[in-house]
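Listed in TrEMBL for this protein:
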type     : residues : note
COMPBIAS : 164-187  : compositional bias 'Basic and acidic residues'
COMPBIAS : 248-274  : compositional bias 'Low complexity'
COMPBIAS : 430-446  : compositional bias 'Low complexity'
DOMAIN   : 86-165   : domain 'TFIIS N-terminal'
DOMAIN   : 542-621  : domain 'RRM'
REGION   : 164-189  : region 'Disordered'
REGION   : 242-274  : region 'Disordered'
REGION   : 417-446  : region 'Disordered'
């Protein structure tokens, strides 16, 4: 009688002692999902099946169920090996629950299986198997001395491996830091400064200094300090200094103090009594002149911005060195301090310095390129006409170049209209005046190009990334170096959004224009409805965030993670992107009490799921003090706010119009809430156009509905609609 072997199609091999899960049984369905230990591989006796007329030889594994200790014969295709992390966790639970009834050979087999597993640092930390083994050894030291000694040996072995791995990891981090420092030093050494940007001081016998001239107008930081302290340079200036062009007779170059005095005299002669009235006392001039450029410290807080503005207002015109020091301090200050400087009227002072102090004009133009200004700030300071006049009429080439770059930067940000849309008064009709005698002291009556602006068209609140000027590499912090410079500028302008994304590094590193717009819109919606969220006393529960999730993670995985620590979640929400259905990497778990939420944070923070380290923390209301005491149901405590999302109709409306439509017709349609273009109503489109238009409208509505649902589900655990 022929024999048929049914085990040839299964190539899965399981070793003795492995933990497996039973799956896919069609008849004995009650065994599906149970966990057991592989005993041995067996070939069952031949069975005769009358409907095929042959004897079949069955092969499989004997599996001892952990909960009942029954032995079952299961085919390999119905067995699934458990992950190492789950297997070690089960062995730890068995050792913790062992009360001495299990036989010593059975316990020794369990310990041998643990010895076979390659215990990494992550497994030891997450499962705490070493602690379980120590407690087991103390508990069975009298009844099972052999098993207790085996457990102690395993703990000692793991401790040595843990210390070795920890030391290796520290050495790798040190090596990585050394390599990064060497690469950075090499990059700095290989950067070549363009000849037109190099310092104009002579560096010993090597010729011209190779450093960049950070200090206006001609020197680097080192030579500027030498000049301020000694009154002259150690090796002098190079022959190609800018003063040679203005002084063709070959006369010696005056010292900085003499140049400042000459500039003051020229200013007094040009302005008459007003120039004399603007001078300070000799004591004040001497005090400010003795200060070095590096004596002024950069701003560290918004309060320092007020002090800096007051210092800039009180400094006398003759203290050029101190003015430069103030500009250097402003240039090296953080961005949030620059915002406070602009709000306190700093742009008006820079506009005044641009007009009346030629010595600091170069530095003012460089600083203005970094200031986070708006169109309203430029209008209030009346600085646009001044910069345009410098671009067109200043005698210094460096001033004209920086002014042109500043105009292009503002134009890219949407602050200026194209020249074709701007009406200019011809120079013949503009008031004429005499040209200035020296570039260091421009005349007050100097003729500017008169600009007559048309009515300003409202610009969008946030320029699109195509027109937004990218941030300069030296301005971008280390945490944003991997992003597009334009996206980095958006995050630098919005510190709240930046601090939120720093808690979710996976989302920050994969940020693009669409996801940035999605997160910014949701954060703005939360900020608008924060007051409403605090007025919902019916809200209950405490929410924790689980971030760092893998893309394949589901709500069931997060829920099971909470169940493993003997807790029950009221609701688990995992937001996904509206188009690709991919997980955003952060789940929101709603728990019934504050104690449960704190327990989840303590037990699950740092755990691993799908080879990813998890970050678990309470959802806190940014900007308000979290109360750790009181009823968990009260709004405003830890784990809240409760947010009520507004309808999309309250947030934005889209109006479609054609270029040929007049403003009057568009305004009439807005009043009538007719959001379709007039051309679509008046013309008779073809049938194919109607089909494409209807498909587009249907797709647009479907996408709006889908995005609206995703937004409302984003924080469903912390939302009361």
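In case you wondered, yes, glycine gets a Cβ from its N, Cα and C as well.
Predicted automatically and left uncurated, TrEMBL annotations should be read as such.
Worth saying up front: this structure is predicted, and the values here are computed from it rather than measured.
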Close approaches to the region 'Disordered' (164-189) from elsewhere in its chain (Cβ under 8 angstroms; 6 or more beyond its ends): 120-121
PLDDT averaged over the residues of the domain 'TFIIS N-terminal' (86-165): 76
For the domain 'TFIIS N-terminal' (86-165), residues assigned helix / strand / coil by DSSP: 64 helix, 0 strand, 16 coil
Residues of the domain 'RRM' (542-621) by DSSP state, where helix covers H, G and I: 20 helix, 23 strand, 37 coil
